[in-house]
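Structure record follows, encoded as structure tokens.
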Amino acid sequence: MPISKIHSRYVYDSRGNPTVEVDIVTETGLHRAIVPSGASTGSHEACELRDGDKSKWAGKGVTKAVANVNEIIAPALIKENLDVKDQAAVDAFLNKLDGTTNKTKIGANAILGVSMAVAKAAAAEKRVPLYAHISDLSGTKKPFVLPVPFMNVVNGGSHAGGRLAFQEFMIVPSGAPSFTEAMRQGAEVYQKLKSLTKKRYGQSAGNVGDEGGVAPDIQTAEEALDLITDAIEEAGYTGQIKIAMDVASSEFYKADEKKYDLDFKNPDSDKSKWITYEQLADQYKQLAAKYPIVSIEDPFAEDDWEAWSYFYKTSGSDFQIVGDDLTVTNPEFIKKAIETKACNALLLKVNQIGTITEAINAAKDSFAAGWGVMVSHRSGETEDVTIADIVVGLRAGQIKTGAPARSERLAKLNQILRIEEELGDKAVYAGDNFRTAINL
């Protein structure tokens, strides 16, 4: 079924910044997608086109990207008369229209909005849910797998004040029997965590960051992990709920010195206290020995490949090492990471690569190498729930979409609750097998 109309506009994301929304009209009606955006972005990501006009939205406007959809993509794609069910052909056409390697001409945010809306239109035409269409596109087997939610409950790094260098601490309810129960456990721990945080750090420490986690004035990773393990214990889930970290260490890597500055938010940081990657790797190993850590994302900087390979080699496969800034959902970097044994899991962000087809291929490349795949939101999110359907359709088994707070985060988690209810016994919960869910 061809497309009769494509229209884009700007709307606002969860940080109050403009972002791209795309409507596609076919015989089945209107299909809408909204594109997210990140705060700590990898330097190799596909180009998110912003206006750069400092007099409006501090340069973060997306009127150029919107115009590119309305004036370049819309007439060309409608004229091409492609079937919306042929996602690969649509995405290839969009990439050809752009003609650059990282979508700098039209903008990945413009292209992705169209790509996502096309997938929704195709699902409607096939009269199946979006997750079932994604499953068809990626050729995954049945039953469907419901993901373990990685809930970011304590924020540090670039997402928060305080001196804590690591960006995210997540709870992982992998011991639950179902997604519904995992959500309940996670929500209960989150409530305990909020009240503990207020008790220890004062009332205002209960305020939440961009992704719904608390951001108290914490100095060290141990302090954050103690707070979380205490909350897990108070909620009665010790042993069932694990912990994950996203270090986002590119944010505090000093490239010239090849060292890491754990006090990077202090303008007068003491250079003599900056540490080597070996010292940082030792810290991770000590933390993993003391706390139930099952996954560490971006433990080293995106260009510090040597550090990644060293850590992979010396840490064994006890926990998941996730590449985000390292791999930026890009087939070239994923291939390099596989060859150099840099990590064993991919963080999949559709807006890092810019089309549904390329996101699916990135996941398939990762699965083929025996990696895990974690589907992820961005810190600037919207009410769009496409990634909830993607994680189920891909059988990825793990999703990172913030704390059980703030509607733009819960929109995705609530969508997975609905999917679980709809599928009933035609789905299994990934649980402790989240790293190898594709094989379940």
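Yeah, the Cβs are placed from backbone N, Cα and C, and that goes for glycine too.
As given in Swiss-Prot:
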type	residues	note
ACT_SITE	GLU211	active site, proton donor
ACT_SITE	LYS349	active site, proton acceptor
BINDING	HIS159, GLU168, GLU297, ASP324, SER376, HIS377, ARG378, SER379, LYS400	substrate binding site
BINDING	ASP246, GLU297, ASP324	Mg(2+) binding site
REGION	120-189	region 'IgE-binding determinant'
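SER376 (substrate binding site) sits 12 Å from ASP246 (Mg(2+) binding site), taking the Cα positions as reference. For HIS159 (substrate binding site), the number of other Cβ atoms no farther than 10 Å from its own Cβ, over all displayed protein chains, is 22.
Counting only the Cα atoms, the space from ARG378 (substrate binding site) to LYS349 (active site, proton acceptor) is about 8 angstrom. Over all protein chains present, the Cβ of LYS349 (active site, proton acceptor) has 26 other Cβ atoms lying within 10 Å. What surrounds the substrate site, by Cβ distance within 8 Å of the Cβ centroid and not counting HIS159, GLU168, GLU297, ASP324, SER376, HIS377, ARG378, SER379, LYS400, is the set GLY38, ASN152, GLN167, GLU211, ASP246, LEU347, LYS349 from the same chain. For the pair formed by LYS400 (substrate binding site) and the residue listed as 'active site, proton acceptor', distance between Cα atoms is given as 10 Å, rounded to the nearest Å. On the 0 to 100 pLDDT scale, the region 'IgE-binding determinant' (120-189) averages 95 in this prediction. Excluding the listed site residues ASP246, GLU297, ASP324, the same chain places GLN167, GLU168, MET245, VAL247, ALA248, ILE296, ASP298, VAL322, GLY323, ASP325, LEU347, SER376, LYS400 with Cβ atoms within 8 Å of the centre of the Mg(2+) site Cβ atoms.
The separation of HIS159 (substrate binding site) from LYS349 (active site, proton acceptor), Cα to Cα, is 18 Å.
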